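Okay, so here's the structure we're looking at.
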């Protein structure tokens, strides 16, 4: 049968089936099982109302249980087996013995910190910049646009930017074309060393300030808040410290490294840096999401707090960092955790651009390699469990918050 | 009403400039690919897309001469033009790859055996010889020419209608549509009923179920691949469309239930209570009141799910077969990147075919997408 026709039939059957199920099961409940008439009318009505929620929930619960809840346990079980035999933790120890696994872990940690930080920072910047200018909405929708583009499509787009041609040919990749404009003169010094150096230095200062701002209540004692706030502050400070350390090593590199002027670079096969070139793609996609959420949050900041700060003589930067950012902190955490989840699942970008070569492997692609190329279900499931383990803190945090909100 | 873009005009200009730079940075990559998709392969490989509008001087790939021989005044002559389309202007030319710029235009080159060749600036050539050249192997000509901007829609017709990676992109387009539409529609109804129960019906365990849905929201679908593949094989549907529709339905449900429940819980209580007092059953309340009022949330979720199923690669790789009638656009694109990685005219056009539909949906329904994002991020 033609798949398109099959799709049409599935739509009709699926929708019709759903409507039919809900309608008929309700009818059955009201008219046959517990009819609301005769001597037991009152009892029957209340009984029917006890059962009805489960009629409404039944299809969704079955699908959720079968397609999301059951697989978690099944995968946990598979990860303890090899070729149908129970082997305990052998898959895990075999995996821990592979250098490729540790490479994936290292890269994933880098992704986990850099991509949410980059997306949130750019998103916050874009939200603040577009907030009060006339063409702000147009700018927003253009920055938001990459959200609609698939990871694979984005990979093609960025691969053209990173394209490399031999030195005697014209470069068609934007990055190499720009790079070859530098020849080591005064312009190169200004644009490749001084300006980036100052920028990195500014970011470094900002991060160190953030570490201090996060840890200040802990050092001074006083009202540090509950356990979660405390944990959040410590985690935030650690992340900021890690980023600061990365930036400090960059700063050393910017100051001291000899740059190979005049040679086209193969960006995607430069170990360490190529991970950043892949991360740029995801940051490019996720910034729009961060911007939309943060821009709504910025608009929700009460005007009187800003006016009060203005009366006290605060400058625009103080207003932004000390009045607005602390007030939208909960939203920043939400954006951060949501992007973290996306990062943990990132697979398409690495598969399409480098397929894990040149030390760019990440966990999700490592898992795909094990499952569908090496056909090693035990080790593949074990690495999937590692991803699950990394997601778990966010899962717990979300459930905790949702329950708090329900009360 | 003060912020960084305050009253100071200088600062306002900085804000405008920074925004423009940011927007440019975000749009340029896509724009570059769009421009490339309308250029010929030769143009793409000889100059960057930002030069698409200017005339370029570059060395073209070798052109082998050809044409019918005519006898004129006792001399055998082959005449023709190097270019299929006019416009290019030759500055230097040569007959060997070692010396591609050996001759000027108008100069005549001796090819040995008494054969001479001249090339005009417009690409016309005359090859003449005292004896017949029918048996001779035709020489190759290397030209350095300035070519005018050349735009074409041939790339699109090529990728849409000729099989490049086992199948045409046109076929992959239909396959993707076949995956995405049922996978968008089916979860909506299932989720809507469940969301209503979780928002407006009282029963023990409701809070627990909501927490469960929030938890499942972040479970990585990577964990589901092997167990579900085993399950599909066990119930006998194997790899195919039925399997991927079911998988997408399952994976989309937590977000759908979460979004719709949040929205429905915010609907005014009076309407529902009044309807109850008037004797409406829950089923009637749901169909007549809740469903129409929830349209914005339904639309938000539908857009999410459509974008996600259209753009998905992993689920399609795992749950769909690899046959030509089952490969989706993203899978096709990955294959092309592997096999035709350097053919940017094909890659760029294919990529644009695959992102066109999501982009249209995005720009047409952006309002609902933003609304859904704001409601859907766990607070």
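Keep in mind that glycine also has a Cβ here, set from the backbone N, Cα and C atoms.
The shown structure was predicted, so the numbers you read here are calculated from the model rather than taken from an experiment.
Database features, via TrEMBL:
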| type | residues | note |
| --- | --- | --- |
| DOMAIN | A:105-398 | domain 'ABC transmembrane type-1' |
| TRANSMEM | A:6-29 | transmembrane segment |
| TRANSMEM | A:54-73 | transmembrane segment |
| TRANSMEM | A:109-130 | transmembrane segment |
| TRANSMEM | A:142-161 | transmembrane segment |
| TRANSMEM | A:190-215 | transmembrane segment |
| TRANSMEM | A:227-256 | transmembrane segment |
| TRANSMEM | A:276-298 | transmembrane segment |
| TRANSMEM | A:332-354 | transmembrane segment |
| TRANSMEM | A:374-400 | transmembrane segment |
Item to check | Leading stretch by Cβ pairs under 8 Å, where the reference is the transmembrane segment (A:109-130) and the options are A:190-215, A:276-298, A:374-400 | outcome: A:276-298
Checklist entry - Between the transmembrane segment (A:276-298) and the transmembrane segment (A:142-161), are there three or more C-beta pairs closer than 8 Å, counting only pairs 6 or more apart along the chain? => result yes
Item to check | Remote residues contacting the transmembrane segment (A:142-161) - C-beta distance under 8 A, at least 6 residues beyond either end | outcome: 126, 130, 172-175, 268, 277, 280-282, 284-289, 291-292, 346-349, 352-353
Checklist entry - Who are the chain neighbours of the transmembrane segment (A:227-256) in space, where the CB to CB distance is under 8 Å and they lie at least 6 residues beyond its ends? => result 113-114, 117, 192-193, 196-197, 200-201, 203-204, 207-208, 210-211, 214-215, 217-218, 333, 397, 400
